Each structure stands twice: as C-alpha cells, then as structure tokens.
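Annotated in TrEMBL:
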type: COMPBIAS; residues: 528-537; note: compositional bias 'Basic and acidic residues'
type: COMPBIAS; residues: 546-557; note: compositional bias 'Basic and acidic residues'
type: COMPBIAS; residues: 567-578; note: compositional bias 'Basic and acidic residues'
type: COMPBIAS; residues: 589-604; note: compositional bias 'Acidic residues'
type: COMPBIAS; residues: 609-639; note: compositional bias 'Polar residues'
type: COMPBIAS; residues: 682-691; note: compositional bias 'Basic residues'
type: COMPBIAS; residues: 692-705; note: compositional bias 'Basic and acidic residues'
type: DOMAIN; residues: 2-359; note: domain 'Nucleolar protein 10-like N-terminal'
type: DOMAIN; residues: 365-413; note: domain 'Nucleolar protein 10-like second'
type: DOMAIN; residues: 476-503; note: domain 'NUC153'
type: REGION; residues: 528-639; note: region 'Disordered'
type: REGION; residues: 681-706; note: region 'Disordered'
Amino acid sequence: MFVNEVNDVKIYNLSAGKSVPDWLTDRRKRSQLMKKVDSRRQIELIQDFDMPGVCTSIRMSPDQQYILATGTYKPRVKCFEVSNLSIKFERCFDAEVTTFEVISDDYSKMVFLQCDRYVEIHAAHGRHYRLRIPRFGRDMKYHKPSCDMFIVGVGRDIFRLNLERGQFLQPLETDGSCLNACEVNPEHHLLIAGTKEGTVEAWDPRTKQRCSTLDVAMKLPGVKEFPSVTALKFRNGLHMGVGTASGHVLIYDIRAKQPLLVKNHLNRLPIKRLAFNPAQNAVYSLDEATLKLWDEQTGKQIAYVESTSSFNDFCTIPDTGMFFVAQEDVKMMTYYVPAMGPAPRWCSFLDNLTEEIESEVVENVYDDYQFVTAKELAELGMEHLVGSNLLKGYMHGYFMDARLYNKAKAVVEPFAFDRFRKDKVRQEIESERKSRLQIESKLPKVNKELALKIMDEQANPSNSAKQRNVPSLLEDSRFKAMFENADFEVNKSAEEYRLLAPVLNRLDKSKAKELKKRVEVAHVAELHADEAQQREESDNDEDLFGFEKSDGETKDDSGDEASSDDDDRREYVKEMKQAYKQVKRQREEEEELEEDEPQQDEISDIANRPQTNGHSQQPTTNGNRFTLTPLDQHQGSSLLQQRIKKASLQDRVKVMSQLEGQVTNVGRSLGNRQMTFEVNKQKKSQFHAKKREAEMKKHREERRSIVRPIKSLRLKKVNFK
C-alpha cells in the first residue's frame, strides 16, 4: 500500500507494489512474497484483480455486489464478487469491447458494444443473443421505462434497439455529423447526446422530439477550434457535467445556457469520463494522464491521481471514498480516499488500517536498481562493466542492480556506514543539547551568506506586493536540507564557483546600480516638480531657459549612463578573463608540482645525507641558527630558498653544502674555499632527458619484440636459365 498526500488529502493506492510473474508456480509465488518486505506489506484487496494485457472499461453493478471489467487479450469480461473478494466468472469475446451496460441489479443481464459493430446481450448463463448495428458505435445507454437501448457512434443517427420486442425502432436524427457520447437522466429520463461539433442535443424519449440544443464550444475561453463533446454525466435532475476534447469540464443547469463553472485540466487531453460525489460536492474527471477530484462550487482541486500508463476508464462506489481505475496495464488500480467517504461495507477493515499507516514517499521508481553516473562508476572502479548486461544505459548514466552497487560501495568505502552513524549520533546530540545562552538567531548554520542575501531580497522595499507575499526559500520545506546539511554548503574554493564569481558580482552590481538609478529618478522627479512649481509662480524667461538647460542635462545624463554601461561591460569581460587565467595558472602549478615530485625527493635525500664533520643527519636550531626541517622538504624549493636567505652566512654555507654540492679547501691566496653546484634548469633538462631516454628504450624493446628476425627468412635460389 502506497500513500500519497495532496493538499492534506491522503490517497491510498491499494494496488501498488510489484506484480509476481504469471509463469511462477504457486509455491514460488508464496516464497517470493515471503522474501520481499514490500510484497509482504502489499494489500491484495481482490484476488486476481487484473487483466492479461489491458483493461478497457470497468463498472459496478447497481446492487454494489459485483465488479465487472473488460479487457484484452484475448477480449474478455471478468466478474468479481465483493462478498468473497475473488473472481466469480470469466467470459471471452470474438472482438474487443468498446463499452458495456449492466441493465439489471446484478450480473444477470448485460449488453456489450463491440468494435466490429456487433452488440452482444448476455444472461447469467452466458451469451444470449448477438446482432449487428448499421454503423460503428461509440457509446450506449439504457432507458428503463421503454426498454430501449440508445446507441450512438459514427453518423448522425441515434439507433434505438427495443429489448422487449427484440427489434430496431425508428432512429433519432440529430444535427451533428458524428456522436461521441450519450446519457439518460435517472429522474426525468431526458436523453442527451454530445456531437463532434461541440453541441449537446436533448431529446424526449416519450415524444421522440428534440427539446433543445446547447452550444458548449462557444462558452470555452481561449479555444481557437471547436472541441467535440467526449463525456456527459447527470448529477441530479437539473445539473449535468460536460467534458470536451480540449480538456475542459463544464457544469450546467439545464434551465440555462451559461455554464455555472468551467474547469480546465490544463493538459489538452480529451475528458474520458465524469462522476459526481453529492455527499462531498466533488467532481471526478478523467483523462489519459490524470484523474482529478475538485470542488463542484469553486473548481478548487481537492486531490489528483497521476497515471504511470494511460487511463481508460474508472468507476466509483456510491456513498464511499473508493474507486477503481482501468488503465493500459495489467493491473486494475484500486484507490481509497477517506476524505471522500468511508470504506464500503465489504472492506470496512480499511478504515482501521488507514488510521495506523503513516504517509510514505516513494523516491525511487525502480526499487531493485540504482542509478549511477559515469563519474560514480569510475569511483567504484566498475568502468569495465560498460557494455555488459550488468549495466543498463539510461540518460547520462546507468542503471545497475542495487545489490551489486551496495557490495561495490562497501568495498570502496568500508567505513562509510561508521561515518554515517557517527554523524547521525552527533546530529541527535546537538539537537537535544541546549546552549546556556538562548540567542534567537534567524540565520541557519549552513550557507549563512546565501540566507542573508535571500532575506535582503525579500525585505527589499522596491519589490511589488506580490513578490513580497511569495514564501521565502528559508521557510520552504523542499529546501530545508540546503540550510541544515553541511553537504550542501557552497564551496567558494571550487573551480566552478570561481569561474562564476564574475557573473555573480555583476548581478550584485546591476542590482545596486538599479537601486541607485531608482533613487536618482525619484530625485530628478522631485527637482522637476519644484521647477514646475516655480515656473507657475513666475513667468520669467530665465526660468524657461533654465528648464531647457535641465532638459539638455538629462540628455547628457542618458549619454553618461550609456557610457557607464559600456564601462561595466568592459570591466565584466576583464574580470572573466582574470578568473579564467587564475584557474589556468592554478592547473599549471598543480601539473608542475606533480612533475617536480622526483626532484623534491632528490633534494630531500641530499638534505638527509650525513655530514662529514660528525654532525647529526638533520641539523637542529638553537637561537637564530638555521635548520632544515621536514616541512621545508615537503613544501618545495621556493620556501626553502626563503629560509636560506634569512639565515646567517655560516648556516647558509652548511646547508648549501648539503643541497647543492661539496665545499672543499683549496690552497689559493685569494680564497681557500671552493663550492660546486648545479643550476635547476640543468637538473630539469637532465630529468627530462633521462625520462625521454627511458621511454625510447621501452619503445625499442617493444619494436624488437614485434619485428621478425632476419634469420627466420629463407632465401630460395632462382635459376634464370
């Protein structure tokens, strides 16, 4: 059982869950249900409540004891008895059923309209009679006082089949070119028919005369074409609902030509069926995509049900909150809405069951599969599975078995669960712990700057009243984790953020500039008002000249604004170039550091060599003496050179003797010290030369292994005689 909550109205899907394959034996089915937790929680309200392929229409018998449904393939009808919550019988047809009517209180008398122009009349034992109509039918309704079956379809005629006499009567001729739907009022038995041209014609079955014609298409707002009428339903003796092919539902009083209410489904799909719930003043309207429940007086939406496959038909159980939906799928869906009424008497246990069930949100459509992107797949080390049957390509990633994903995740991150558990414990402790000083702070713990920016925009007096009444993101539950979970914190050191920084700065500048411009415009308006007032008081020409001068100044101001816009654009381009240069420079530095790792290793080896005069391997520092610490060895030669420059000459000579070369005594009059060293460029060139030589050596070995030796070639002597 899945629960969906819309506008504080809970909708219980009693048919939700995974269907067990039909080819499994009963024993295997029971074992499957015992293994899976979701299957054990699934409620099978009516046993085998499904079709082999597709369900086309569904009805409830007038005594509310039997549910009848038609579907394919093979075309058939199934009858379910609610007292036993199981199937009672199943019959097959020669053609698909377009629609059908139950003309008795139970299943003993039924009429089926088929797609091959045949009408089948069934009794309790099976098919009683089969006849053919002149044209293809689309809908039919039974008129109890006269025992006439009205059939509409392709053409303007309403065919009358009298079931008491067993013969066709004179058809009723309408003004429409094609008829899509018909309905008989249960109180005064008025017959109405919906045409392709968007009109509804009313007929009196007693006199066989047309009473009136209602033009529905002319009352629809913003519709360019005339939509046809696709669904009709009476609420009582005076009110009726009309569904159109444009997705509109109109509520009419049959005494007036103006609709009481027009409801738009907003998806431009034909309305297939309508139903009323008089106890709750609600209307049910169905199209291919959704089933909507809305208020009859105001048109406000109460709840809705979205389809995973196309909806075909639905039926409600009177005075209850349960309804059944036929769809382009194997399952026939069962829904229960407690707000629309109680559960039926034959399943009254649902009222107690739904009180104990809390709302559930289904996040993953595929319960047994996990979606991973190409990057996540590389992190898991499973790139070699691309192209195999273990990965199913979908959009920008792949679907893989959830069990395989969990095993790979456990291998790559063995301590992920421990970290998750510690974070949860820490969050619980922090939530229960209260600080000694209770400070009321509106700022969240995460993304404080973003929260401040949102609060400033919300409190901006320049916003309109409509913008100020819009709920803030800080109060929206959908973005709650953004200001509480540290994983959603904005990382300003990231490369993507630094590339976007000029754009964000320009947006802030443009907002500040717009605010400044509004202030200046208000100030100029005040000045013009003062000047106009002075001009009215004195009719001096100097005032007029001064006013013209102010006009010239405003023109100059507009020119200054245009030039300032160009300056801002140049500045923006300059900032973008600087941002890209910084990112590029950082990438090059990281690459150089990766290349210099072997050189740093060599420098650290030289620095760690034992001295010849008996000192320790790493000199220590006392006072102001210089030392070569492990930090210098790891941070590179630039930091090391800065430390050397600050040291004394004696310490500098000792360190340089370790790093660059050896200091030896020579017998000269001008100096008795000699030091050998190498330049960094030479070291780099030597390093690259060695690397190149190793690559060439490897290349030659590969070529030697591929090229065939000359000895294997045998020369044959050729005689030219």
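Each residue, glycine too, has its Cβ placed from N, Cα and C.
Caution: TrEMBL annotation is automatic and unverified by curators.
When the domain 'Nucleolar protein 10-like second' (365-413) is classified with DSSP, helix, strand and coil residues number 20 helix, 14 strand, 15 coil. Break the domain 'NUC153' (476-503) down by DSSP state and the numbers are 18 helix, 0 strand, 10 coil. If you take every residue in the domain 'NUC153' (476-503) and average the pLDDT, you get 74.
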